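For Cys725-Cys740, the entry in TrEMBL reads disulfide bond. Residues or ranges marked as domain 'Alpha-2-macroglobulin bait region' in TrEMBL: 482-616. Annotated domain 'Alpha-2-macroglobulin' per TrEMBL: 768-862, in sequence order. The domain 'Alpha-macroglobulin receptor-binding' annotation in TrEMBL covers 1475-1567. Per TrEMBL, the feature signal peptide maps to 1-26.
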Amino acid sequence: MAAASFDVPLLLLSTIFCCLLAGAGGQQAVPATSMELPPTPTYLVLVPRKIRPEQEFRVSATVFRMLYDSLTFRVSVRRLNEPGSGVAETEYAFAEETFTRAASRLIRVRIPENTPTGTYNIHVEGSVKTLGGLVFYNRTEIIYEPRLFSAFIQFSKPIYAMGDIVRFRVFPYESNLMVKNRVFTSIEVVDSKNVSVRRWLSPRNNAKGFIELSYQLADTSNHGSWKVRCTREAFVTERSFLVFFNTITSMISVNITMPQRLSEFAFGVYGILEANHTTNAPVFGNASIRLEFRQRGAAENSPPIGVMWKDIPYFYGRSDFLFTMSEISSSLKLSDRPSNLEVRADAFVYDWYFLVNQTSYAYTVIFREIPEVKFLGGYVRQFKPGFPFTALLWVFQPDGRKPDFRYRKLTLEVYCDRSKRVKTDASIPIPDDSVVRYPIETSMNCLSYRLYAVLLSSTTSKDVRTAEQFLFRHYSPSGAYMQVTTSTVKPTVDRYMVFNIKTNYYSDRIYYIILGGGNILHSDILFMPAGVQSRTFSIALSREIAPIARIVAYFMKQDGELVTDSMSFFVDVLSINSVDLQVTQGSDLTGKSVTGWITGANVGSFVLLSAIPYDLYLRYGNKVILEPYTLLQEQMSYEAHAEQPLQFAWFDDTSDMPQLQYFPSPTYGPDANKTMNYSGMIMFTDSNYTKVTFWHTCNETLNPDRAFPCYAGSPDECYGYRHICDGKLDCNTGVDEMNCDRVNLTSAPGYVEPKFKFEYRHFIYDDLWLWQDVYMKANMNGRVPFNPAVTPKLETSWVVGAIAIDGERGVQVQSVPTRFTSTRRFYMVLEAPPYAYWGEQIGVRVAVFNRFDYWTEVIIELKKSTEYDFIKVGYRGQVNSYAPELASNENVHTVVFLPAGGHRMLYFPVLPRNTGNTTITFCAYSFNGGECSTVNVPVIINGAPNNYSTPILLDLVSNSELLAQNFFITPEQAFVEPERRWRRFVPGSKYTKISVVGDIVGPSLGNEMPYGDAASTVWRPIGSGESVLFNINWNVQMLHYLRMTKQLEAATLNSALEYVNSQLSRLSFYINPVTGGMANFPERFNTETSTFLTAFGLFTLAETSFSQWDRVTAINADLFQKFILYLNATQDTGAVDPSLAGSFTDDIQWDMKYFNVYIKDKSVNPANNVYLRRVPITALAVIATRHPSIPMSLGSHASRVSTAAIQYLKRHLSKMTEDALSLAMTAYALTFDSSSSDKSTAMNLLMSIARDDNYLYWANRRVKPLIREPDSAGKVIIKARIEWPNDAYAVQASSFAMLAMFKSVSSKPELKSNITKVINFITETKNAPQGWISTQDTLFAVRALREVAQLDFNRVIYSLQVDINPTSDTSKSSSLRLDGNNLSIPRTFYLDNDNTWGEVMIRATGSGRAVLHMFTTKSVEQEFLVKNAIDPNKPNTPFQTFELSCVPTFSGRNSSMMHMTACARWTWTARSETSGMALLQFTVPSGYLVTNYDMRNFVQTSNVRGLRHIWMVGQYLNVFFTNFTSVQPTCVTIPIPRWYPVANTTVEQPCNVYEYFEFDNRNFSFYSARSLHSSDICKVCGSFQCPYCIDYNTASALTVSAALLTSCLVMALAAGYGKLTRLSFLTG
């Protein structure tokens, strides 16, 4: 009987009982000699303890005898409701079954799928419907598990680098491994901070039975453990994968490999050290190995107990190392062999050629080689007296391996009642499976047994291991027992399993049930012949029984005692569902591709293939390959609440994945009731309580230490929760330590915590090379080939896994994954600089490898091309650095000798002819194979670009024709200045691009620009948190514009939303997890949270939150909550100064526009600054918190913040005429307030400070975007805009002013005409087609323009034609047409270098509006020609706001190491003492390479003032600072090594510094690399023709035809040419 169940006496039974008493003579006394028999129980109900949605919940009901004509059972499942709901419980499922005779049946209850999580009770009622009353009623709590089914999530790789594509499959399956068409509510990708970054709604598995999805990781985001989370209602399953910061950490990769476990009797600690270049070529240099020893279990950062070193003076790619145990003992001063130690091995490799150091590490553990012994089943078990008990002893090595049994002896002693020894067995043999099966004949005379095992090793008498197990007698009031056993050694699905039931008390019938998957699967009755107390029978094993099942047998005695027993057992289901994979390499005789066959899978199934390198498989294989162990653990979790079969795990020497073995396990139950409970069931019965459960006085409420009975002789012996599984026997029976032997992977002997160093090769391999799904067709031999796959160029072993998904046979997996080696016989790897300047000479690195077991010769051919020339090297390496001899458009060959297993690395010098992308092609030919590969090198023009922007609004709404006069092209026609040595510009650097786009917002998104970011729109590097917010917000503004104007196409929407979502995933990287505020830079600087960024982030999230886009960009309300609560916490309460109540400020002034420090052209009151400096951020907080997309649940919090902020703005409104941006932002913020008078006052003040000298705009100083001047003929010439120090300020202030006017135009119609004037001003301040000065001004300009544009309903009838006539070449005249179908698509016109000069006549006709933008550029190499902003007080004088110095120093062999020291100081002290966030930016000379991983580590450990981030993009290294001060220069020195040989390096390298948010505050300059310019191709060893270089190929240059070369090679081989070693030919 369940402890929580109860019986309800009923009026009907009471009446019958009274009538019986009256009929028998109620006044007569019962004779003293009479005996009253106890009532015989009538029913027994067994209910599984756990329910799941959509489950057919089966309840076993047994009626032993009928008291009525019929008895109806009603089983219902009810959920407890919340207090105050009015109804205590809600019924979700029920079923009824009526009995008319004694029987045993299963009552089936269908649990609905939509059952919510909560507390559930099972109600069992018995009623006599003919009489209309209840006979019994029971209720108890059951476990609710929301799992509907299982799902395996398979990744293409276990680890990814930022920027990679995460590909994964999800296939759902049932508890019996069958595949069913399932739909998830959602599938999410969750980052390492548990923030959902991508969500797919209601994905359904395809016809193949699985779901395949992918997710693009952002370039920078949280690194660590990410998850894929699948949700179905309340059911959630998830799986993790690893994301790392970056892939390339150095030009060489070091790997150290050691065994995971070592015995103390091993010869020593050994391993293999490998070091390779990124081409796979081995490193040539020296190395050192350092070992650190710690006691096992000690903290990793604790001091080691000893350190040992070994040097490898000559290292060539690979070396073995060995530290003998005797050396270790001597070094650590140990008296015995080292054991129980954790060893960390650090490898240090130095490359003599590249002068580079690199390190790596590995771990191993030294175990004590003394076998252990352990009783399976734990410390305490129960026995049934008179029945045999079999003890199982497991003998194993401490590292999880099987021991050597030749020298081991096992002795076992048996004690009765702890003290009386009844049996001793010495020298028990240990079987091959290491499990000793020891039978014991138990006796009725013993209340308990103690088993004591001794394992002795003959190596020394003190090497003794012992184990104990206690057995206590199962409780039975009458001594009636039953035992269930099996003779089936390995139960397997689709076969029979034989059971034997034996009792010592006769019963005419025995009931039994089979449980599996957390449910009752089968119920039956065994009818026993008279006098027979043993019965053997068999059952068929189906899928539903596997892998963990349980048989429970019972019968009821006449006196109400329940006699029961159960046994848990393992059923093998995977052996019948095994699929096999055979991989064949070399079908093309080179090993370049692999093919193979799949067998064992059912016809019509789909087989999923995946591959992983072997070393990754040993640690993370279960993320890529579904192994039997993983599948079994998932299936067994359905039975985790009940008893498990006995099991243990074997480990091998390398893998972390154990091999499990199972044995049937008798029940742990000390009495009948606990037997049912431990079997996963709840029992209801009307039997006497003491007949099924041990009677006791334990009460947890009265005393927590007396919660449970000890099942001893006295009912007063109890124990509490704290005594359970504490390793001590608190009960004489030991029941407090029963069922404590929980097997898990981390506690298993031999488990070693994975500590793994990822290498470059782990990230770069193509994870799709064997990512296939194969349909199994009907085939006579049962073998189906998979598609040939090209193996990656990695010299490693691979492990390939196969998963078959079939509707008939369910999920099938390999018993052991397939391992093979994919090294090609011959292959080639190319490497070249990621960029180069025009005129520079590049040494392309060519590495060829012969991995065959025989030597070969290789012809390497540089294919002829018009894109590049080959550089010839003269006698003894004579070559000119600036005018070398060239071979143009010719094939170039060389022959190299490769020994067996050898390699060769050469450099081919090429000179790209043109700017743009240069594709260089190589082919290699050998008798072992050949291949052709290409490498691309972007070629950049020299010098610093001077950009000129000429934007204008073409307004043809009221005019049908507009002559926009002449657009002046700033660059001159000729690059030579007469009588000057310097050049006006770099020849070939000029071009002009004219773009025309309809409406006032564009260019927008489309096929040419699927998404935009800071780099492509405003040409600013991405690296700060603000730039991430801009990337999100700019795309969202464009999507809203296209959506509102009905121009949004599905393809554009999808591509932009995917990008927005990837940027949203980066946000949590910048959010402080404690305060919830947003920082501008992550990791070390995560505590520098900013109110400005948090408010801007909240505004961005609100703009992005749109219900129609939630399928891609679902934003969790928690993110909104973090930002709003942060604003609430940082808002000034006025406790110090009441006048500041409701305002916001920031410690770090990232954008100086928000802090009112700009110079004004009129006098101001300094006393107002303290208030005005808080206005912009406060107004921004109002704009964000009053956004209509703020979640309703957070509305009260947001309202509290905005109300206080609005009051602050109102209090200081009158002071804001001194600052245009403050007043513009306040006027717009007050449009969200209900007070119309304050809004009107703000608008009047705003219009009073407007400037109308150039259209209409707001700024603290005059701004003049475009220059219109008449020429000598009277024509108006429109010149490119001049850049002023306050451009961004003016654009942003005017944008907010236009937003305020737009929202107020309904109450002030006169503002409508002013809006057009503002649009003209904002349009003419563009610096780029898609952007203005920087990010903040661009974003709010777009926001203002799209608000106005979306109300133009005449767009569909617009039609414009723009005629373009350049004076440089009238033949290139063109007409661009725009209409309602392509308004947002830019139409472009180009002028090349030769025609970029003079003027361009523009004539527009038609109707509508369009933005025309002429962008012109030229590159200069003289510092005085570099374009900077103009001094407002001296219009012809450049205005430099920074001092700048960039000084490179070169060292090493041929200047192979550069240290750049860059210093900057803020000089515009009239505006402020410091700059805002600033960038120090310089180009890295070609061939030198900076890894972002190294720069991240440099920043995280640097103490340079204000340094926050360094990021390499293209040829520029961007160094982010909080600000620069005017007191002293801030300097940073960055080491940069040469990675690729480049000669004739460009002399003048740009070096810039500027304010990020006010780009025109800058200093653009150069630094000189003249020492690199004088280096020829041989000084940098960039050609195989150069003597004294490592790749020198000794031969004379011959000019022969390819046919002659082939003939000579064949003749030489035929004549025994193979005897000549190391002889090569060069032909040019």
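In case you wondered, yes, glycine gets a Cβ from its N, Cα and C as well.
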Go ahead and report the DSSP secondary structure tallies for the domain 'Alpha-2-macroglobulin bait region' (482-616): helix first, then strand, then coil. 9 helix, 79 strand, 47 coil
The domain 'Alpha-2-macroglobulin' (768-862) resolves under DSSP into 0 helix, 51 strand, 44 coil
Summarise the domain 'Alpha-macroglobulin receptor-binding' (1475-1567) as counts of helix, strand and coil residues per DSSP. 10 helix, 46 strand, 37 coil
Which whole number is the mean pLDDT over the domain 'Alpha-2-macroglobulin' (768-862)? 90
What are the sequence-distant neighbours of Cys740 (disulfide bond), meaning same chain, six or more residues apart, C-beta distance under 8 angstroms? Gly378, Tyr379, Val380, Ile724, Cys725
Other than its own, how many Cβ atoms are within 10 Å of the Cβ belonging to Cys725 (disulfide bond)? 14
